[in-house]
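Here is what TrEMBL records for this protein:
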BINDING   Glu35, Asp64  UDP-alpha-D-glucose binding site
ACT_SITE  Asp64  active site
BINDING   Lys197, Asp221  Mn(2+) binding site
ACT_SITE  Asp377  active site
TRANSMEM  448-467  transmembrane segment
TRANSMEM  487-504  transmembrane segment
TRANSMEM  578-598  transmembrane segment
TRANSMEM  610-628  transmembrane segment
TRANSMEM  640-663  transmembrane segment
Amino acid sequence: MWRPVSRTVFPERLPEDKELPAIDVFVCTADPNNEPTLQVMNTVISAMALDYPPEKVYVYLSDDGGCSVTLQALTEAWGFAKWWLPFCKTYGIKTGCPEAYFSALEDDHDDFRGREFNEERQKILEKYEEFKDSVTRIKENGRVGGKSISINRDHSPVIEVIKHDNTINTVTSDHPKLPLLVYVSREKRISHPHHFKAGALNVLLRVSGIISNSPYILALDCDMYCNGKSSARQAMCFHLDPNISPSLAFVQFPQKFQNISKKDIYDSQWRSGYPIWQGLDGLEGPILSGTGFYIKRKTFYGSSPQKDIDIKELKQTFGSSNEFVKSVNPKYRPDIINGEECSKVFQQEAQFLASCTYEKHTKWGEEVGFLYCLVEDYLTGFTLKCKGWTAVFCNPSRPQFLGSPATNLNDILVQSTRWNLGLLDVAFSKFCPLIYGPLRNMSLLGSMCYAGLGFMPLYCLPVWGLATIPQLCLLNGIPLYPEVSNSFFIVVVFIFLSALLKHLQEILLTGGSMQSLWYEQRIWMIKSVTCHLYGTLDAVMQKIGMKEGSFTITNKVDDDEQVQQYQMGKYDFRTSTMFLVPLVTLVILNVFSLVVGVSRVIISGSFNEMFVQVFLSFYVVAMSYPVMEGMILRKDKGRIPPSVTLLSAGFTLIFLSLGSIVFV
């Protein structure tokens, strides 16, 4: 922690509701097969239920899959929201997510035991069950051949303001004011680059600019619902503070997860990230983290346009849409939608802004909007800091945003490989934090924080070295470290223990236990020898033109068996052979070197010389017990396949052969 700052908010000191600024909410989804439609709709509904004037909240759902299932489900969500939002407001429900409220995770209703409340709650529950059934039917009707839902990779733009006229779901006694809900599916063509999530967010920036043009934006992942309804007001406490607002770009809330197992074998809490980012708050602020942040719209547009600037210059930067160029002025308030159906002119303009060719010969993704790369949040936030913007980390006692943790190894490794590729792509570019940051007046410590994350995938190099070289030298009788009797031995011990104790300190300071150290060290080692390695190799191949970056959507569909194993603390090894082979190979190598090394120490009496190398093998083997269990003892679906074990044994023999050649 470099410069920790603790912050407290006082929402009661905010201006009256009519004086609060408007907020656009961006929710992104891409594939209903991997991102459950009901989960996405719960996120949308929770955003609509924020404790904020509904006429000042505009919710946009980006559907990159262009799937009719998502659009139909969004219409149903609008209908249910007409019942849900008044219920939340009347009874002060703490969470805006109906799924979380009606599950055992919430106890919002404990303060209400009256008959009226119970009857109303039961009615809303019935409406929610009807809503879930409707979404299920929509998904079933959208399946092709009874299997997966068809995703259109090549489609025209669709922009639709949701209106629900179904009399079954319409509240007839009272029509509550609801936030505007807009469906956006940008045009995608195979022949045109779409720039993944960053491209979708930039389309939302443009389309929302001609609809609402709110000065502030909340970005949410589709699986990260609003657990607390007060996040908007908490964020405005900072954005409207005259002392910090002029230079404040965004307010970042931590990304937290529900239903994390006691053992947290996949490190879903990511203690090396969010829990200690309070230490970055005293510098330029935390790293932009992709979800759960409130950001000023004008930060995406570079320097504020001058009044006398040439309109041609603006169009070269922002594109040829006259309506959008007008919206770049923060004071511009569009009047395209005013309680009426969307005009034909609006539809044409919105579809033009969402077309795949709009950004040609503009500065979108380069100087304005989200910058294009696999880690658009990291790069965009970094460049904002370099321009003089700051950020704030807001971590209230009640998590404002909650998601579901990964429950299998495959999702963790696939997602981390993509992140590692993106981070190194930035680190090896002109935006290298150690060079670009200090040259743009960013503090040295702030640049080091970004560099620490950007170069994190390179951990694969020392970890692979420590997992192979000492072991191969041990097998060939070559000592590498000081003898136990040598005075320099204490240096080796100090380095090893200081690293562990520093990690333990971070764990204990963030509410973890001694046992957490064991699990976090294990998953860190697994990542280092698998996804860190492949992310590094992909980055190198991309730099030399042998490979292009790709964006793989993480599977967010819960599997009951996987969830059960996760809660029991068992690793699910159903992942690619590409990930398993290096992991299992290193485990076999270390088991072999430990057995041979201990035998050699006993026979030759070389304990004094080989202690450190024997200990390293023992440490790796001890950390790898779940892997050995998956290879030998387990018979369930989550075990390591015998074919992978045999293949890894073959690679181990290759390692041993090379070691006998190199180290003899």
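Placed from the backbone N, Cα and C atoms, the Cβ positions cover glycine too.
TrEMBL does not curate its annotations; it predicts them automatically.
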Chain residues outside the transmembrane segment (448-467) and at least six past its termini with a C-beta under 8 angstroms from it: 2, 280, 283, 287, 378, 382, 385, 420-421, 423-424, 426-427, 432-434, 437, 524-525, 528-529, 532-533, 535-536, 539, 586, 589-590, 616, 620
Tertiary neighbours of Asp221 (Mn(2+) binding site) (same chain, Cβ under 8 Å, six or more apart): Val27, Cys28, Thr43, Gly290, Thr291, Gly403
Sequence-remote partners of the transmembrane segment (487-504) [C-beta within less than 8 Å, at least six residues beyond its ends]: 481, 514, 517, 520-521, 612
Collapsed DSSP category at Asp221 (Mn(2+) binding site): strand
Cβ neighbour count (within 10 Å, all chains shown) around Asp377 (active site): 22
Euclidean distance between Cα atoms of Asp377 (active site) and Glu35 (UDP-alpha-D-glucose binding site), Å: 20
Cβ contacts of Asp64 (UDP-alpha-D-glucose binding site) (under 8 Å, same chain, 6 or more positions away): Cys28, Thr29, Ala30, Asp31, Ser185, Arg186, Lys188, His194, Ala200
